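Shown below is the structure under consideration.
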C-alpha cells in the first residue's frame with residue numbers, strides 16, 4: 001500500500017492507475033498517519049494524480065495526518081494556488097479547520113504566499129477569520145513580517161483593531177515580529193487609537209510602546225509613529241507613563257508635496273541671485289552651501305513627517321528643480337534678452353519664444369496627462385473570473401497579476417511604486433515631470449524631449465548676441481575678473497545671470513540629448529525602457545514570476561552616489577544601449593559576464609526575444625506614432641510567445 005502514497009507524491013500516474021484500477025487498494029486508503037493518496041498528491045502539486053483520484057471517488061475533504069487536515073490544507077501549506085484552485089473546483093471546503101484551528105487562509109499566510117491569499121479572499125472568505133486562539137490572518141502576517149500579505153489583507157479591509165485571547169492587536173504582533181514596514185502599514189490604517197490599546201500578557205497590561213520597549217524595537221516603532229503623524233507622550237495615567245498621541249502639527253502628504261515642489265523655485269531663485277549679484281569668490285562658496293543646507297532641510301522635513309521610501313521618485317522635488325530653472329531663465333529671457341535681440345535677430349528671437357511656449361505646453365501635458373492607468377475592476381465576481389482565467393492558462397503569477405491593485409496586468413504593463421498604479425505600456429517613471437511615461441503620454445514626452453533639446457541651443461544663440469550688444473553695467477566698469485579674462489570676463493560684467501544660466505542649461509542639455517538618443521533607439525526597436533532593462537538582466541522582455549512591479553533600480557536610486565546621479569539623468573540607460581552596440585541589437589558581454597555561466601546576455605540578440613519588433617526600424621516607428629497601445633489585440637498574441 002505504501003507504493004500508492006509514494007507514487008502519488010512523486011507524480012507516477014501510471015503506477016497510481018494500476019493500483020487503483022486493479023481494485024487492490026481503496027482510493028481512500030490511508031497510510032500510518034491517516035493521510036490519503038490525495039493528501040500526498042495535493043502536497044506535491046501533482047494535479048494529474050489529483051484528477052485521477054477524484055474521478056475514482058476520492059474524498060476531497062478527507063481528514064488525515066497528524067494535524068487532522070484535509071488535502072486542501074496540505075496544498076495551502078505549500079502555497080500552491082493551482083492545486084488549491086483545482087480542489088475547490090471539485091468541492092473542497094476552504095473553511096475547514098485543522099487540529100491547530102487553521103483554515104486555508106491562515107495556512108496561506110504561514111506559507112508566505114500572497115497569490116494564494118488573494119485567491120482565497122476572492123472566494124468570499126472573511127478576511128478576519130480567527131483560529132482557535134482568536135488570531136486573525138492579519139495578526140499572523142504582521143507577526144511574520146510579511147509586508148505583501150499584510151498590505152493585501154489591509155487593502156481587503158482587515159480589522160486593524162481586532163484582538164486575540166490576550167487582547168493583542170495586529171500592531172502588537174507587528175512589534176513582536178519587529179518589522180517596520182508592517183508597523184507603518186497598520187498605523188496608516190488606524191491601527192492605534194489616541195488612547196493606546198493594552199494587551200494582557202501574563203496578567204500585565206502592555207501598550208504597544210511598552211511592548212516595543214521591552215522587545216528593544218522602540219526605535220523602529222518610533223519611526224513608524226512619526227511617519228504616520230503620531231508621537232509618544234509622557235503622562236501619569238495607568239498602566240504606564242507613556243502613551244501614543246497625534247503630533248501637535250500634522251500636515252497631509254499633499255501639503256508636503258506642494259511644499260516640496262514650490263520650495264524648488266526658492267532654492268533655484270536664490271541660487272541664481274547669489275551667482276549673479278555676489279562676487280565670484282563669495283558666490284562659489286555661498287551658493288553650494290545654500291543648496292546643500294536647504295536640500296538637507298527639505299529632505300529631513302519630508303522624511304520626518306510622511307512615509308517616503310524613494311525621495312526623488314515619490315516627491316516632485318526634481319520636477320520642481322527643472323520647472324524652476326526653466327521658469328527663471330524663461331522670465332529673464334522675455335524681460336531682458338528678447339527685447340534686445342528682437343531688432344537684431346528677429347527670426348531667432350521669435351523662434352525662441354514660439355518653441356519655449358510649445359515646450360511649456362508639452363511639459364505640462366506630459367506631467368499631468370494620464371500615462372495610461374490600467375482600469376480597475378471593482379466587482380469581486382469579475383476579479384474572481386479573471387483569476388480563474390489566469391489559473392486555467394497557468395498564468396496566475398506576479399508577472400500577470402498585480403497584488404497591489406488586485407487586477408490582471410495587461411501585456412507590457414507594470415506597477416509603478418511612485419504612482420501606486422499599474423501603467424499600460426510602462427516605459428519609466430520620470431522624476432523630472434513627476435509622472436510616469438506610459439501608453440497615453442509617451443509620444444507627448446518624446447515630443448517634449450525633442451523640443452527641449454532644440455530650444456536650449458537656440459537660447460545659447462540669442463544669448464550670445466544679447467551679450468555681444470549690451471554694454472558693461474556701470475557699477476562693474478571698474479571691476480576686474482579674478483579667475484577669467486577676455487570675452488568671458490566682459491560678459492560676466494554685462495550680465496552674470498546669462499552666463500550662469502547658460503552653464504546650467506548646458507549641463508541639462510547634455511543629458512536631455514542623451515535621453516533623446518536613448519528614446520529614439522528604443523522606439524526604433526519597439527522596446528520600452530523597462531523592457532530593455534529586463535532584457536539586460538534576464539535575457540527576456542517579460543519579468544520573472546516573482547517580479548510584480550517596475551524593474552528595480554529603474555532610476556539607479558539604490559547604490560553609490562554616482563549610480564544615483566546616472567540613474568536620475570538617464571545616463572545609465574544610454575551606457576547600456578551603447579554597450580549593446582551593433583545598432584543596439586547584438587549584446588557584447590563584459591568581462592564579468594564572460595566568466596559567468598549563468599549570464600543571459602551571452603550571444604543574445606534582442607530581436608530574437610522581442611515579440612513586438614515589426615521587422616524594420618521604419619515599421620517600428622510607424623507603430624509607435626500611429627498605434628493605439630491601449631486597444632492593441634496583437635500584444636496579447638505577442639505575450640504568448642515571450
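Yeah, the Cβs are placed from backbone N, Cα and C, and that goes for glycine too.
Pulled the feature table from Swiss-Prot, pasting it below:
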type     : residues : note
ACT_SITE : 430      : active site, S-palmitoyl cysteine intermediate
DOMAIN   : 400-450  : domain 'DHHC'
REPEAT   : 1-29     : repeat 'ANK 1'
REPEAT   : 33-62    : repeat 'ANK 2'
REPEAT   : 67-96    : repeat 'ANK 3'
REPEAT   : 100-129  : repeat 'ANK 4'
TOPO_DOM : 1-256    : topological domain 'Cytoplasmic'
TOPO_DOM : 299-316  : topological domain 'Cytoplasmic'
TOPO_DOM : 338-343  : topological domain 'Lumenal'
TOPO_DOM : 365-444  : topological domain 'Cytoplasmic'
TOPO_DOM : 466-496  : topological domain 'Lumenal'
TOPO_DOM : 518-642  : topological domain 'Cytoplasmic'
What count of other C-beta atoms do you get within 10 angstroms of the C-beta of residue 430 (active site, S-palmitoyl cysteine intermediate), across all chains shown?
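For residue 430 (active site, S-palmitoyl cysteine intermediate), the 10 Å Cβ neighbour count is 27.
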Do any residues of this chain, six or more beyond the ends of the repeat 'ANK 3' (67-96), have a C-beta under 8 angstroms from a C-beta of it, and if so which?
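Residues 34-36, 38-45, 47, 50-51, 54, 60-61, 102-105, 107-108, 110-113, 115-116, 119-120, 123, 125, 129, 388, 391, 394, 396 contact the repeat 'ANK 3' (67-96) from elsewhere in the chain.
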The topological domain 'Cytoplasmic' (365-444): mean pLDDT?
90
Please work out the helix, strand and coil residue numbers for the repeat 'ANK 1' (1-29) from the DSSP assignment.
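Helix/strand/coil tally for the repeat 'ANK 1' (1-29): 18 helix, 0 strand, 11 coil.
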Let me spell it out: take the repeat 'ANK 4' (100-129), skip the flanking residues so only those 6+ beyond its ends count, and list any with a Cβ under 8 Å from a Cβ in it.
67, 72-73, 76-81, 84-85, 88, 94, 135-138, 140-141, 144, 146, 148-149, 152-153, 156-159, 162, 380, 383-384, 387, 391, 396-398, 401, 403, 406
Take the topological domain 'Lumenal' (338-343) and find every residue of the same chain, 6 or more past its ends, with a Cβ under 8 Å from one of its Cβ atoms.
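Distant contacts of the topological domain 'Lumenal' (338-343): 349-350, 352-353, 462, 465-466, 469-470.
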Translate the DSSP assignment of residue 430 (active site, S-palmitoyl cysteine intermediate) into the three-state scheme.
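Looking at the DSSP assignment, residue 430 (active site, S-palmitoyl cysteine intermediate) belongs to a strand.
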